[in-house]
Amino acid sequence: MHRYRSHTCAALRKSDVGSTVRISGWVHRVRDHGGVLFIDLRDHYGITQVVADPDSPAFQMAETVRGEWVIRIDGLVKARTEDTVNKTMATGEIELYAQEIEVLSAAKELPLPVFGEPDYPEDVRLKYRFLDLRRETLHRNIVKRTQVISAMRREMGNVGFTEYTTPILTASSPEGARDFLVPSRIHPGTFYALPQAPQQYKQLLMVAGFDRYFQIAPCFRDEDPRADRLPGEFYQLDLEMSFVTQEDVWNTMGPLMTSIFEEFAEGKPVTKEWPRIPYDEAIRKYGSDKPDLRNPIVMQAVTEHFAGSGFKVFAGMIASNPKVEIWAIPAKTGGSRAFCDRMNAWAQSTGQPGLGYIFWRKEGDKLEGAGPLAKNIGEERTDAIRTQLGLDDGDACFFVAGDPAKFYKFAGEARTKAGEELNLVDRDRFELCWIVDFPFFEWSEEDKKVDFAHNPFSMPQGGLDALQNQDPLTIKAFQYDAVCNGFEIASGSIRNQSPETMVAAFEKVGLSQQDVEDRFGGLYRAFQYGAPPHGGAAFGIDRIVMLLVGAKNLREISLFPMNQQAQDLLMGAPSPAAPTQLRELSIRPIPPVKKD
């Protein structure tokens, strides 16, 4: 028999009854039932119930073991009685009668429990992450993450992609987030950077003729901590394709990601045909470029119904500024004054003046609008709004007014709040879509100039002609995001592979041809030697896994994450370097300036 085990703790079945076996694992818990000891032994695969009765030669040792000790048990497999069968366990029809127990490793008193969902401070859990990872939910999440990545590799191979790895030590990139820098010992005073993404390398692979590339790529960004992103590093399914339009990318990756979601969705419905929603339409209907389509609320403009109306606040805004619009947020089943007042109070708590509203109720056979706005604009306009929005008895509608460029985010938050408060959101499904036709440029209020709205390497729609002859703020890009349940899970574009068009695009944001050559020299040079039309995307693995397992926090799907202060409490990073290391790197730390 093997030194440590003949079976795992999830392997034994009724067919093994009568066999003498050996298992090893962690003591999950010990229970004393009338002098008979029951030990739940746990390993990576599952749990087996072990019985040590007073007549067993192993009983004396069984009395000494404690939770999370690592032990080996030899014993006889017996069938459980019918009334003790546990159908929730894979091994629930048997139990192992211990004949010999060996302690392989004792455990000190635990700083936190390893079963259930402990409400322990996050820093304690991260410091003792090796214990936290023993929890069933977290352990299962990590295994699921690995399975999802394996499925991604399989599916990408099935549609003709090949995995290539790109360098981890690379040049610092001036665009995007702050780089993590790595000093060079051989070239004092110079630095490598950890890649924020393999963007330029994957495009160079297309120029080199590799056609369909992918990798499970680690990405590093020195960003301030955010709730929806792990500090330091994250992983993405990175891909690039040659001789493609954006429709080719959508038609390849939409079905592929649907199959991934269906494989791990545990029966929840998954969108098969992803809608393609233009960016402007997404902002107009949902107040967000990453809409949660499980929420059925669709906003509409109702400006005409308030123009010249008796509600002087809205009517005056419309008359004085052509940019002003009134957006309606329909809320089916929200037609009670209590709910409307609750939404109004919520709006005020976010710093807004409030939310105007109308709700409808039947008075006898007549359907009437109620609330201050209904009284001010009159019955005819109120009914016209109700008809346009398809509302009825017991429904409500909220209104946001002003320049949509300034209020759309709040309108989107109000849509989300109403949908959640009224339980309109079906949480047991995965709604996926493409957001397309992003603006190529945007106006930077901070710098008072035109800047890139998203990816500067995207191809502008209309190409060089658009850059030379259009208002830059009207130019769209061949750029797209994939969205699931209100989360951006991917971003991609058709790339700008023309040197002339590339320079023209950067000139719009104030960079010269020399700046382009200095900052993106490798890519710029490559495009002068025959670059195929190409495009791709990057899918966020961490976020996809978080959605699939229903985790609320990215730390629940990551092995050894940092805390919100970007510290690895388990390994003690970051930490000061030894003086000899700093001398080798020609570096002298400068203490930060203390703020008064």
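Easy rule for this one: first residue shown is 1, then count along the chain.
Yeah, the Cβs are placed from backbone N, Cα and C, and that goes for glycine too.
If you look up Swiss-Prot, you'll see H33 marked as site 'Important for tRNA non-discrimination'. Long-range neighbours of H33 (site 'Important for tRNA non-discrimination') (same chain, six or more residues apart, CB within less than 8 Å of its CB): none.
For the recorded site, R221 (L-aspartate binding site), the DSSP three-state label reads strand. The feature L-aspartate binding site is assigned by Swiss-Prot to E175, R221, H454, R495.
Swiss-Prot lists 199-202 with the feature region 'Aspartate'. On the 0 to 100 pLDDT scale, the region 'Aspartate' (199-202) averages 94 in this prediction.
The ATP binding site annotation in Swiss-Prot covers R221, D222, E223, E488, G540, I541, D542, R543. According to DSSP, R543 (ATP binding site) is assigned to a helical segment. Within 10 Å of the C-beta atom of R543 (ATP binding site) sit 20 other C-beta atoms, taking all shown protein chains into account.
Here the binding-site residues are E488, D542, and the one with the most other Cβ atoms within 10 Å of its Cβ is D542. The shortest Cα-Cα distance from H454 (L-aspartate binding site) to any of the binding-site residues (D222, E223, E488, G540) is found for E488. Below 8 angstroms of C-beta separation, residues 166-167, 170, 173, 213, 238-240, 457, 520, 522-523, 536 of the same chain, each at least six residues beyond the ends of the region 'Aspartate' (199-202), sit close to that stretch. In this structure, the C-alpha atom of R543 (ATP binding site) lies 25 angstrom from that of R495 (L-aspartate binding site). For the binding-site residues R221, H454, R495, the largest tally of other C-beta atoms within 10 A is found at R495. The C-beta environment of E223 (ATP binding site), restricted to residues of the same chain at least 6 apart in sequence and closer than 8 Å, consists of A177, R178, R229, P231. In this structure the alpha carbons, written CA, of I541 (ATP binding site) and R495 (L-aspartate binding site) are 22 Å apart.
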